[in-house]
Structure formats: C-alpha cells, structure tokens
Amino acid sequence: MVKSLAISLIALIIMKNLNVSIIGLSVLTILSMGAASVATGGVELNGLYSTDFVMGLMITLTLFVAILSYLSSAKVSRKASFNLMVISISLILVMSFSVSSFFLFFFFFESVLAPLLLLIVGWGYQPERLQAGGYMVIYTVFGSLFFLWGVSELYLSGMSSMMSSVGSLVKKSAMSLWWLYILGFLIKLPMYPFHLWLPKAHVEAPVAGSMLLAGVVLKLGGYGLLRFMAVMQVSLSSVFFVLLLSVNLAGGFYAGLACVRQVDLKCLVAYSSVAHMSLVLLGVLSNTLLGVMGAIIIMVGHGLCSSGLFSYVNAIYKMSHSRLLVMNKGGLLFCPVLVLMCFLLSSSNMAAPPSLNLFGEILVFGVGGWMSGAFLFILGLMSFISACFSLYLYGSCSHGKGLMHSESLNLSSLCDAFVLLSHWVPLNFLFMFMP
C-alpha cells in the first residue's frame, strides 16, 4: 500500500502543471488504492465505511471509466466546469460504493443526479436535453423514495441500518413489501418497463456522461439491490417474485428486439444495456452464490463493454457528425482501426470468449435453468437476439458505401482507438485474475 501511495504521489508531483481534472483523478486513484489494499479483508471503518471485494471492484471500475471518459472528451467547451462535473460524479460514486449504511447509501445514490443532470443539460447536444434530464430525475427520485421508506420501516422494526445487518431479526410483516422497496433499484438498473428515461438521457448526454452513466451509474442499481437483498428474506415461490422475474426476462428479450430496429447508434447501445441488466437482476434475485457471482461479473463486463461502445459511437460521430446508422456506413474504407475495435467490442457484447460477459452469462444461465425451464428458454432467446443486434451494429457501421469524408480522419482517431483498446483489454483478460 505504501509503495502504491508513493508512486501515485510522485506521479501527482510530475503532473502538477496539468489541469485540475488530472490532479483530481489522481487523488481519486490514490484513495482507491488505499481502499483496494484492504478490500479483501472485509474491514469496517468507524461504522460508516466498509470494504470488501465487491466494493473494491466497483470503485476500480468507477475510476477506470472516469479516466477513459476524460480522454474521450478532449475537445469540449468550458473545460474547467466540465472537469469539475466529471470529478464530482466520480467522487459521489466512490462514496456510494464505500458506505456501509443504507441511509448514507441513499444520500449518495440520489446525490449523483445533480452533477449528472448538469453534465447533460450543460454539455448536451440538442434542446431536448432538458426533457431528458427531467425524465431521469423524476423516474429515479420517485423510485428511490420507496427504498427510503423500506429502509426506515425495517429500521423501526428492529433491524440496524448497516448493510451487514441480520434480516432474521425483523418481523416478517416488515418484509412483505420487499418488491416495492426495491423499485428505485429496478429503475436505476433499469428494468423493463422502467427504462424509458435511459435512451433519452443517453441520446442527449455528452460522451463522458454516456460512458459514466452506462459504465458505472447503472451499476448503483445492481450494487444496491445486491446489498439490500442480502438482508431480506424472500420466498422464491412467491407470486411477486415469479412475476417480477417473468416481466424482467420478457422485457430483456423485448429490449433486444428493439435494438435490432434502431436507427440511432446511441439508442441501440442504450437498449442493449436494458437487455444485459435483466441478466444482472435475475442473478441477484436468485439469492444463490453462483447467481450473485454471475451478476457481479456481468456488471463489470457490461460497464467496460457499454462504455467502450459509447466511446466508439462518439468517435464516428466526430467524423460524420451524425448518429444515424445510414450515415455511418463504410467504416472500413476510412478508419480500419476503429472498425477493428468495433468488432472486438461487439463480439464481447454478444458474450464471445474470453470476455467477462461469457463467464457471467454461463453462471446466470445455469441458475436460470435451475429455477425454471421456461426461464432458460427465454435466456436462450435473449442470447440469440444479443448476437443479432451486436452483429447488426458492426455490419451497419463497417460495410457498405461510406458517406464520411476521409479528410475528417485525424490524430484524434488514434486516441479514440487507444481508449477503445483500454476498454477491451481488461474486458477479455480479467478472467485470468478471477478468484
């Protein structure tokens, strides 16, 4: 730990003449190294912060995506304010994953909306960004109020507000509305049919906003659900449980079908997030070791893959000035490097080996088959449609008669290729370090 801190401090001194964003992200990296050094021990600090493997994994993902989002946003207006928003989002996310109290988690869970809304409204592309920001705030705040109600109800029933509480000490009547308490997490994931805010927010957000939103902010829903369900006692045969999983899987399949008919690249990637997050919800709600492990792996894999795809969409948008599929054909003629990275990320998006998505889906599929044969059938359809829209994305942007101008290709494409490669490498080689 001391060596890591010393190296980071030396790097910080070397970069003292750079702008505030690099310094801020360096400080965040130092903090994450300190947290990650004790992450495997499950230590609780002063009753407010706790460290374990999942927390360290989410914080590392947050900082990694934040740095790559900064590199993808080299040319933005009002640079200092933009950097402040990115650093604020990263800090709040780090605090969200670090706290051990449900009430503190709710506070940071909601606090991330403020800088994210300012990022969308201040650096969005179109006038509709105000409507998109309003959708995001109304949806998430409305659902989170039920979570606050649920935590308060459990606390008044005898359970501690700590995430390590024992749910058996609580009256069963206080847990009967568990499906309502988790509504805020279902919206944040998002689960069908609470996903309508997500495509609007992605379409209007700048590239850094889309990368942070898809890569990390959506993981708040899965992380919170994972912590909350650990203290709940839910019957796998209850009507609400079966209905919730059935709607979730059917919605994930429908989101995959919606991807195939999209004409906007950002909408396509956004709807693919809805399809993949339905697998996370199935794994977490199964309340089994393999299901939870699969959900965590998919969250990390999706965070890297989806963030990379949004970075790719931004790279070709800078060349064609359009997000329409019909306006971005023929990428092989103008930038083969970006097309190669699109192929690699698309293959990982369809869970091709050796990506993290493959290992996570194998575990979730096994748990789904154990729960119900019908669930396994729907999961098979989702896997097929995932391959369809991933190939649709790659084929539409790579082949055909191009409408982009070759002179629009410049050195920024090399920086974009580096960012995309930085997403793909951990996505396909982190399995070597899996415990």
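Placement of Cβ uses the backbone N, Cα and C atoms for every residue, glycine included.
Any TrEMBL annotation is an automated prediction that lacks curation.
Keep in mind that what you see is a predicted model, and the values were worked out from it rather than measured.
According to TrEMBL, the protein carries these features:
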type	residues	note
DOMAIN	101-383	domain 'NADH:quinone oxidoreductase/Mrp antiporter transmembrane'
TRANSMEM	20-41	transmembrane segment
TRANSMEM	53-73	transmembrane segment
TRANSMEM	80-97	transmembrane segment
TRANSMEM	103-125	transmembrane segment
TRANSMEM	137-158	transmembrane segment
TRANSMEM	178-198	transmembrane segment
TRANSMEM	205-226	transmembrane segment
TRANSMEM	238-260	transmembrane segment
TRANSMEM	267-286	transmembrane segment
TRANSMEM	292-313	transmembrane segment
TRANSMEM	325-347	transmembrane segment
TRANSMEM	367-394	transmembrane segment
Stretch in 53-73, 137-158, 178-198, 367-394 most in contact with the transmembrane segment (325-347), if contact is a CB pair under 8 A: 367-394
Annotated stretches the transmembrane segment (238-260) and the transmembrane segment (53-73) touching (3 or more Cβ pairs under 8 Å): no
Annotated stretches the transmembrane segment (178-198) and the transmembrane segment (267-286) touching (3 or more Cβ pairs under 8 Å): yes
Folded-back contacts onto the transmembrane segment (367-394), same chain, C-beta under 8 angstroms, at least six residues removed: 236, 245, 249-250, 252-253, 256-257, 259-260, 265, 268-269, 272, 275-276, 278-279, 282-283, 286, 288, 290-291, 294, 309, 342-343, 346-347, 349-351, 361
Which of 53-73, 103-125, 205-226, 267-286, 292-313 contacts the transmembrane segment (137-158) most, counting Cβ pairs under 8 Å: 103-125
Per Cβ pairs under 8 Å, the stretch of 53-73, 205-226, 267-286 packing most closely against the transmembrane segment (292-313): 267-286
Residues of the parent chain within Cβ reach of the transmembrane segment (267-286), under 8 Å, 6 or more residues beyond its termini: 186, 189-192, 195, 198-199, 202-203, 214, 218, 221-222, 225-226, 229, 234, 236, 241, 244-245, 248-249, 251-253, 255-256, 258-259, 292-295, 298-299, 302, 306, 309-310, 313, 325, 349, 357, 360-361, 363-364, 367-368, 371, 375, 379, 382, 385-386, 389-390, 392-393
